[in-house]
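Some notes on the structure that comes next.
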Amino acid sequence: WVFLWEKGYQEKDSVVSSVTTKAKGVAQTNTSQLGFRIWDVADYVIPAQEENSLFIMTNMIITVNQTQGTCPEIPDKTTVCESDANCTAGSSGTHSNGVQTGRCVPFNGSVKTCEVASWCPVEDDSRVPRPAFLKAAENFTLLVKNNIWYPKFNFSKRNILPNISTAYLKSCVYDAHTDPFCPIFRLGQVVESAGHSFQDMAVEGGIMGIQVKWDCNLDRAASLCLPRYSFRRLDTRDADHNVSPGYNFRFAKYYRDLAGQEQRTLIKAYGIRFDVIVFGKAGKFDVIPTMINVGSGLALLGVATVLCDIIVLYCMKKRFYYREKKYKFVEDYEQGLAGDTEQ
Amino acid sequence: WVFLWEKGYQEKDSVVSSVTTKAKGVAQTNTSQLGFRIWDVADYVIPAQEENSLFIMTNMIITVNQTQGTCPEIPDKTTVCESDANCTAGSSGTHSNGVQTGRCVPFNGSVKTCEVASWCPVEDDSRVPRPAFLKAAENFTLLVKNNIWYPKFNFSKRNILPNISTAYLKSCVYDAHTDPFCPIFRLGQVVESAGHSFQDMAVEGGIMGIQVKWDCNLDRAASLCLPRYSFRRLDTRDADHNVSPGYNFRFAKYYRDLAGQEQRTLIKAYGIRFDVIVFGKAGKFDVIPTMINVGSGLALLGVATVLCDIIVLYCMKKRFYYREKKYKFVEDYEQGLAGDTEQ
Amino acid sequence: WVFLWEKGYQEKDSVVSSVTTKAKGVAQTNTSQLGFRIWDVADYVIPAQEENSLFIMTNMIITVNQTQGTCPEIPDKTTVCESDANCTAGSSGTHSNGVQTGRCVPFNGSVKTCEVASWCPVEDDSRVPRPAFLKAAENFTLLVKNNIWYPKFNFSKRNILPNISTAYLKSCVYDAHTDPFCPIFRLGQVVESAGHSFQDMAVEGGIMGIQVKWDCNLDRAASLCLPRYSFRRLDTRDADHNVSPGYNFRFAKYYRDLAGQEQRTLIKAYGIRFDVIVFGKAGKFDVIPTMINVGSGLALLGVATVLCDIIVLYCMKKRFYYREKKYKFVEDYEQGLAGDTEQ
């Protein structure tokens, strides 16, 4: 019955939670543009801290040593030109990298494009590196620290359980079967648990949800109130309608050159944002909801009476006899009464 | 009736959502302090990525080449001094820019202020630039990518609808009448739809809410489950009580000069934060809520009986006759029974 | 009775809120590593803006002038070596700072550790500074601006109340007794109100919740709808199970040296994140919920009838007599009817 099934005798409360995350891991890359380079957590987590999520850069298009100046646009339908007449000084489209100067200049030997005032040289993001630049991110780990609080019951707990020691926390990795309460997740495993390929996702980026569920029956021991982790890809995944996939954004590191001029390194960062979503309900026996639920349960029993009446009086063949018996015709009494007063 | 109106026969679920945002647009400025300069997305979006919101800088007070040192404070009621006796070494008020050294030094030809140890020269934010420095931000665009998921029904959808092509997405701009499903918003239009002036808001900053509503009746076709956009200014707007208006914060870009000393450019950034707020409910026919709602509906019908009884028995003139008929006085029977046993 | 107590005659609505925060305050430090230095808001708030929270750095481990290169690891169980045979080229543990080159090199006079390719020199975070580096953060202040909106009633209000003047806002500090509506909080007081020591918390960091409660009865004057502030430490606090306490993260400031090589200053930042949590419910008289609640209230009265019946008919000694009276045996009628048709 619903009353027992839904624990109607308990007062309910929703979880209040705080989350902190911390990534660990080192990757090395070796490209002609940047040479041999080591990437650590301060390099690939952007911004350094967020409230409930963490972005890990897995791929990038880097444009070094940009300065303010004028240069030819990247060639595309709207920027290729044959003469200055094709370019409009001062115009700037939604997708352009700068403001046109009105001149048509050679982009390379064969193509001419409109010149723009912008950070030069402009970024060429037509080709996304494949495989992902930081493909080693698959083995990075993510520590999720989560404290919950049920205000009504003043019950609080954290996902680093009392029986977890510092030594265990240093070496464990979450596994649904062997280590279901270790709060350290290997990124590759998180993505795979959600049914996706990490290396595919790393190329264009995406959003992963790490769901922490705290369903607690506080009538039982507090040690039975445990977090359950599950993983889900939150952005789209329909391969057939793949408009504007993935997740990326641009940021820059600013420098001064020897002459004091401002330079910057522009990075178009593709990566995976891990959103930690905490939810849960706690229940505890309480007199008031018990009374109310018992009450409405019985009220529903009362409905049975009404239903029986309806069936008996309106639906059955011999309904006239029942009706006669059910309703005592008060009008008779009124007439009788009238007769009485007339006497 | 409430049952049909509120769709009481459906099971309900609340939306789980993930949001990413991306701004596009270029602005040019030409000031005596900075010269001709182009601003692109890496310059005016701070920080580069956030979970459900995006800040676009529209105005700024920039203080270049600050170094650690000592310099006179900006003159105001508490910092103007006549001699060292007015300044207290080591003191630091809530609104001061540094720690006082105890000396009184000339700020300019006519005014003397207390000297502070701080990043020097100190910022003078007494005058906010009008019109806004990056007033061209009105024409910037904001792409909002939103994926929703109704866990109970395992129904997911994104706001880039299946019929939107890459070409359309490259050129469309949201318009409530002509393009209600284009997820690209012109900033000026967002602010105006909420009934405010973009150029006014750009000067001191503010918070705009972009609300995405997904109310879905999943008994009908999935293609009818569509997002509805609306816009609202979330910060205050009562012109008559204009204490501490707008939105601004300070950040710095750090450099090293030739001698290896740390320098920074301090920016007090005024701007508009766009918070994307996703809400919605989905409903689908399910047996259990139908039963419960039908049940309580009928229970309420039962109430009608009780109400009739109350009216008839206590409120009407001839109530005594009805009462007599309603209650069969059981006491008579007891007496009769007592009589029987006595026999 | 529940109806009046829970204000069942009111329609309810949950709060929609926007929050901005702003810290103020200056600290000075004097260490052998950094010399005399002033820290202001652009230095210790990271990142510069967030949606509902603000991080204030209170302690730090700073590693200056890191460059890409090779250097010995910090000695611990896994990195101490005696010869190259103990080190594996290309390996990289979860907690290591770089990728091993396979060589065993002297860390200092007495200890040899495996060499890694990484940002060098590597960070030594074995000792957290005590007392906290920026212990003066206790006197920093935090301005919380909060606008709320109840969509159903189109009622909006901000926590800077109409009677708060600019002059008051410049000088006030929140105090539960004397200034309960001043939205400026001294950090030390926030932590102490939650029953913790600021200087203890500053060393390893933590999460503080600033709760703003807006419970409004909109049947009464709007000026009685006021915010109530309370403070709570959101991260763990059980001293006996102190695994992985506090809150910290790493970020870096990037520079170019004279030769154009990239350098960085790595900072492991310990600090307090202030999460602003806004909640509340507003109620206003409305006909429909009144009707529904009156209805179910009366339905519960109907339950009384059913309960009486059950007690009387099944539990009392003389139940047979009552049952006889309650149920009019319809079968008799059927027999009578059958008799009639046989005639």
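Glycine residues also receive a Cβ, built from the backbone N, Cα and C atoms like all the rest.
Just so you know, TrEMBL annotations never went through curation; they're auto-generated.
What TrEMBL records for C:Lys22, C:Ala23, C:Lys24, C:Thr141, C:Asn248, C:Phe249, C:Arg250, C:Lys268 is ATP binding site. DSSP classifies C:Thr141 (ATP binding site) as strand under the three-state reduction.
In the three-state DSSP assignment, the secondary structure recorded for C:Cys71 (disulfide bond) is strand. Marked as disulfide bond by TrEMBL: C:Cys71-C:Cys120 (among others).
Cβ neighbours of C:Cys104 (disulfide bond) (same chain, under 8 Å, six or more residues apart in sequence): C:Cys81, C:Glu82, C:Ser83, C:Asp84, C:Ala85, C:Asn86, C:Cys87, C:Lys112, C:Thr113, C:Cys114, C:Glu115. Annotated disulfide bond per TrEMBL: C:Cys81-C:Cys104 (among others), in sequence order.
The annotation disulfide bond is assigned in TrEMBL to C:Cys87-C:Cys114 (among others). Its Cβ placed at the centre, C:Cys87 (disulfide bond) has 21 other Cβ atoms within 10 Å.
What TrEMBL lists as disulfide bond is C:Cys172-C:Cys182 (among others). Long-range neighbours of C:Cys182 (disulfide bond) (same chain, six or more residues apart, CB within less than 8 Å of its CB): C:Ile164, C:Tyr168, C:Leu169, C:Cys172, C:Val173, C:Tyr174, C:Asp175.
Residues near C:Cys225 (disulfide bond) in space but far in sequence (CB under 8 A, at least 6 apart, same chain), listed by position: C:Phe155, C:Lys157, C:Trp214, C:Cys216, C:Asn217, C:Leu218, C:Ala282. Here TrEMBL flags C:Cys216-C:Cys225 (among others) as disulfide bond.
Per TrEMBL, N-linked glycosylation site is recorded for C:Asn139. Proximity of C:Asn139 (N-linked glycosylation site) to non-local residues of its own chain (separation of 6 or more, Cβ distance below 8 Å) is seen for C:Gly25, C:Arg186, C:Leu187, C:Gly188, given in sequence order.
Taken from TrEMBL, the feature transmembrane segment covers C:294-316.
Each of the disulfide-bonded residues C:Cys114, C:Cys172, C:Cys216 was scored by the number of other CB atoms within 10 A of its CB, and the lowest score belongs to C:Cys172. Other Cβ atoms within 10 Å of the Cβ of C:Cys120 (disulfide bond), summed over all protein chains shown, number 19.
Counting only same-chain residues at least 6 apart in sequence, those with a Cβ under 8 Å from the Cβ of C:Cys71 (disulfide bond) are C:Glu115, C:Val116, C:Ser118, C:Cys120, C:Pro121, C:Val122. Here the binding-site residues are C:Thr141, C:Phe249, C:Arg250, and the ones sitting under 8 angstroms from chain A, going by CB atoms, are C:Phe249, C:Arg250. Among the recorded positions C:Lys22, C:Lys24, C:Cys71, C:Thr141, the ones whose Cβ sits under 8 Å from a Cβ of chain B are, in sequence order, C:Lys22, C:Lys24, C:Thr141. Site extent for ATP: among the recorded binding residues C:Lys22, C:Ala23, C:Lys24, C:Thr141, C:Asn248, C:Phe249, C:Arg250, C:Lys268, the largest C-alpha separation is 24 Å. DSSP assigns C:Asn248 (ATP binding site) to a strand segment in the three-state reduction. Neighbour counts of Cβ atoms within 10 Å were compared for the binding-site residues C:Lys24, C:Arg250, C:Lys268, and the top value is held by C:Arg250.
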